[in-house]
């Protein structure tokens, strides 16, 4: 008996080591696939606003309309996409999403090439038609992107690495770091192509990349699924066990507006307030998105310089992802989020100050910060000539726009710490059977605030009115920081014990009774079903 016990322990250790080695291989494939996808996304996200402003100069409305359409699509169908992910097997669902996402971006890039190459002689109504088609296909691409992100970050990653909080934190941080590294290099490359060659050539580059990337992503995710088939394939039984419940739900109008049902489910969870704080961060123009890029370029910054600043912001964000696991280990997950939110807000004060310095175009303050220039216009008639002197604001200073982009660049550190914190809170505290629904609802909530932002831009589209959006953005981030801080001091933040050695499935099982009461439905966990068998 005493001789057999060490042998059994050694066998268990060997099995564990092999399992860890096998899942270690999946990380390599997963990281490469996410890197390819992130590179394509970053190139397109950097370029799309510039393409729209090229097709419709001196007006931000086409950029804003594109944002409104995309946000409406996610708001209406984000929850439905999450339910669809919950009901379908992991690999087939991800493959379909990848096909639609990459091919949609490729088609849009080809349309941009046609429009820019023939812009000089195409009638204006054709340009409007092309922009409408771009917006329509962009909605499909965005919904497919949401499906990919929810599948990987809210399902695959948790199933593979969710048994250890520190391992999950490191994986999340690495995936975010890959995305940010792509954010460093892709905008620089795209901006350089635009500046030194032409914008339509950059669209050709983006179209080609998405076609090639699609092939490699499909191969890599298939490898991940095969290496971890014993874990990832368990969802099949979960989908079947939930099939009857799904059919009952789909008989009502909620089939088309599942986001409403998902929001009710989400509001009953302990992570709702952190999710709301994260969503409030989308009610801001203080990021290198399409509208802000178009505004900054119109203020005199070149595409290359903007691409470099975008890259520098990503580097600062990478630093945030490097310190994030350290903060989680030493301070805990909840306190790490407090640091992230307030760090972001403190850097945005520079953006607010940009409205009060020389060179600002903000209407209420430009007369106090710009030098008064005299312009004399002479009007004459048959009897006399009248000279009229007009005082107009005049300044060549770029101090205002530089302060703006510096604040945007520096706030990336706190932003990604806050983002990673909320994402991991949801990974740990959301039951497995509703991960897709909650993930899709979070995207819908994010896009709702993004929609409000774009709507305000449509109402106030002119360059001198951009300062109003800056003020609202700073207020929104402050509100998000305050809400998260209040939540962190409440009992809801301590609902799940922050013990790194407790498996996520066990945590979810502990909360099953609470969630089943709140949600009004039975949550049959895969682990529980297997134990019964």
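Yeah, the Cβs are placed from backbone N, Cα and C, and that goes for glycine too.
Bear in mind that TrEMBL entries carry predicted annotations, made automatically and left uncurated.
Pulled from TrEMBL:
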TRANSMEM  28-53  transmembrane segment
TRANSMEM  65-85  transmembrane segment
TRANSMEM  97-117  transmembrane segment
TRANSMEM  123-144  transmembrane segment
TRANSMEM  203-221  transmembrane segment
TRANSMEM  263-285  transmembrane segment
TRANSMEM  305-327  transmembrane segment
TRANSMEM  339-357  transmembrane segment
TRANSMEM  466-487  transmembrane segment
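Spatially, the transmembrane segment (203-221) is adjacent to the transmembrane segment (97-117); three or more Cβ-Cβ distances between them are under 8 Å for residues at least 6 apart in sequence.
Long-range contacts of the transmembrane segment (28-53) within the same chain, counting only residues at least 6 positions beyond its ends with a Cβ under 8 Å from a Cβ of the stretch, are 60, 62-63, 66, 102, 105, 108-109, 112, 116, 131, 134, 138, 145, 148, 152, 156-157, 160, 174-175, 178-179, 181-183, 185-187, 189-191, 194, 199, 202-203, 205-206, 209-210, 213, 216-217, 220-221, 223-224, 227, 288-291, 293-294, 297-298, 303, 307, 310. Within the same chain, residues 40, 44, 51, 54-55, 127, 130, 133-134, 137-138, 140-141, 143-145, 147-148, 151, 198-200, 203-204, 206-208, 210-211, 213-214, 217-218, 221 sit at least 6 positions outside the transmembrane segment (97-117) and bring their C-beta atoms closer than 8 Å to a C-beta of that stretch. Using a Cβ-Cβ cut-off under 8 Å and counting only residues 6 or more beyond its ends in the same chain, the transmembrane segment (466-487) has close neighbours at 273-274, 276-278, 280-281, 283-286, 295, 337-338, 341-342, 344-345, 348-349, 351-352, 354-355, 360-365, 404, 418, 449, 453, 456-457, 460, 493. Beyond its flanks by at least six residues, the transmembrane segment (339-357) meets 277, 281, 286, 320, 327, 331, 365, 368-369, 397, 399-404, 406-408, 410-411, 413-421, 467, 470-471, 473-474, 477-478, 480-481, 484-485 of its own chain at Cβ-Cβ distances under 8 Å.
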